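Worksheet for the structure shown next.
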């Protein structure tokens with residue numbers, strides 16, 4: 001450690017001569033190490049283990065690469081980092097702004113082992129999330145025809161931005177709740193569809209609906225099982241203990257539940273649509289009593305949802321890095337996006353088209369389409385159970401990452417004590433409970449968060465990196481500049497308009 005901290009350049013002064021310019025000599029003991037300056041070790045974040053430390057050697061190699069990159073312009077290959085400076089694959093890290101370093105185990109372990117089929121499935125599985133529940137509502141907000149077109153266009157746009165993320169590696173070098181006023185329509189005894197908001201007067205009068213205002217048992221049930229007043233409190237006792245696990249490796253083994261949930265939702269929608277049939281009428285501008293217009297000015301709400309629904313840009317490099325045939329990355333990425341787009345279209349179109357109008361209005365479609373089925377519906381109840389278990393496995397993983405980043409940076413340990421971890425987890429769970437109590441609107445949450453995160457990771461960063469790289473290589477043209485600035489402006493407009501819808 002002492003040898004690392006010695007200066008590379010040693011000043012020596014000849015005291016027998018009048019004071020003059022300082023003679024600079026190399027310390028021969030440091031020439032062999034070739035370290036331009038001393039490097040403090042950095043924290044490693046490993047989701048399957050506790051925080052470790054980056055070795056002095058690996059940390060120094062990382063700093064040397066940055067040292068060489070500053071000697072000349074990026075387009076000048078005269079002074080490139082020599083082989084002995086480039087770290088070995090097992091010593092590659094991504095350095096966080098909070099001071100931690102993520103060891104790229106997925107880059108080095110099993111590199112190039114996944115076939116194209118596995119890679120496509122991984123991208124599809126990673127992209128599928130709870131946003132799929134709000135796609136039918138988004139289509140209703142945009143209008144049936146407009147919604148389909150927006151899903152297709154957003155899929156193409158986000159695919160292009162994701163492609164720009166993948167190519168950036170080679171261009172820039174850097175490492176509802178149902179209450180006693182709910183209206184219920186029973187198309188048959190086994191497949192009822194409800195309009196939870198009908199009692200508020202926001203939807204057309206549906207004379208054929210049945211009200212259960214005098215059902216004492218139902219009222220008691222609603223008193224103890226209320227989506228915005230009691231259920232969030234029950235979840236505290238369920239989720240808070242899970243967040244206090246020291247390592248989340250146990251939960252990471254249950255990611256398959258996400259796939260099972262999506263597949264079951266597809267089966268559920270197919271079965272319900274086969275019983276209900278299709279109910280469609282096309283009115284392009286003017287809505288009717290039971291049908292919305294094909295073009296609605298609320299369409300930006302769908303674009304906000306889709307920004308999060310198609311969001312995978314922050315981890316696509318990692319997923320494609322393990323592709324066995326790297327030359328097929330673009331093809332596999334395009335196929336995965338096509339499958340995701342088709343999945344969203346299938347769920348959204350079937351739920352919207354099969355929603356029974358009349359007697360219910362299409363405006364009754366909820367932000368979470370499962371809320372359009374009563375709690376007594378067995379198939380939708382099973383779907384909620386699948387989603388609950390999926391969130392019970394994902395939530396601890398997200399909480400662990402927040403713990404590692406915050407506590408690891410502040411205390412140098414991701415688990416300094418059970419007291420520190422409990423306080424942090426109380427804030428995390430408390431924020432979710434407050435949101436569930438006062439703003440239990442999944443569609444609104446998804447579109448706001450999707451538009452905000454997407455502005456940076458989907459629209460700005462990929463386009464900006466591409467513009468900078470072309471500029472550095474002196475290949476930037478006005479059409480390319482204007483096109484990518486237009487993409488950035490689309491992302492900015494997508495965020496701003498969410499606050500006016």
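Yeah, the Cβs are placed from backbone N, Cα and C, and that goes for glycine too.
Curation plays no part in TrEMBL annotations; they are all automatic predictions.
Residues or ranges marked as domain 'Amino acid transporter transmembrane' in TrEMBL: 117-169, 239-496. What TrEMBL lists as transmembrane segment is 117-139, 145-166, 254-278, 298-320, 332-353, 378-398, 418-442, 448-469, 481-500.
The stretch with the most CB contacts under 8 Å to the transmembrane segment (481-500), chosen from 145-166, 298-320, 332-353, 418-442, is 298-320. As a summary of secondary structure, the domain 'Amino acid transporter transmembrane' (117-169) carries 50 helix, 0 strand, 3 coil according to DSSP. A Cβ distance under 8 Å defines the sequence-distant neighbours of the transmembrane segment (254-278), meaning residues of its chain 6+ beyond its ends; these are 125, 128-129, 132-133, 187-188, 190-191, 193, 343, 346-347, 350-351, 353-356, 373, 379-380, 382-383, 386-387, 389-390, 393-394.
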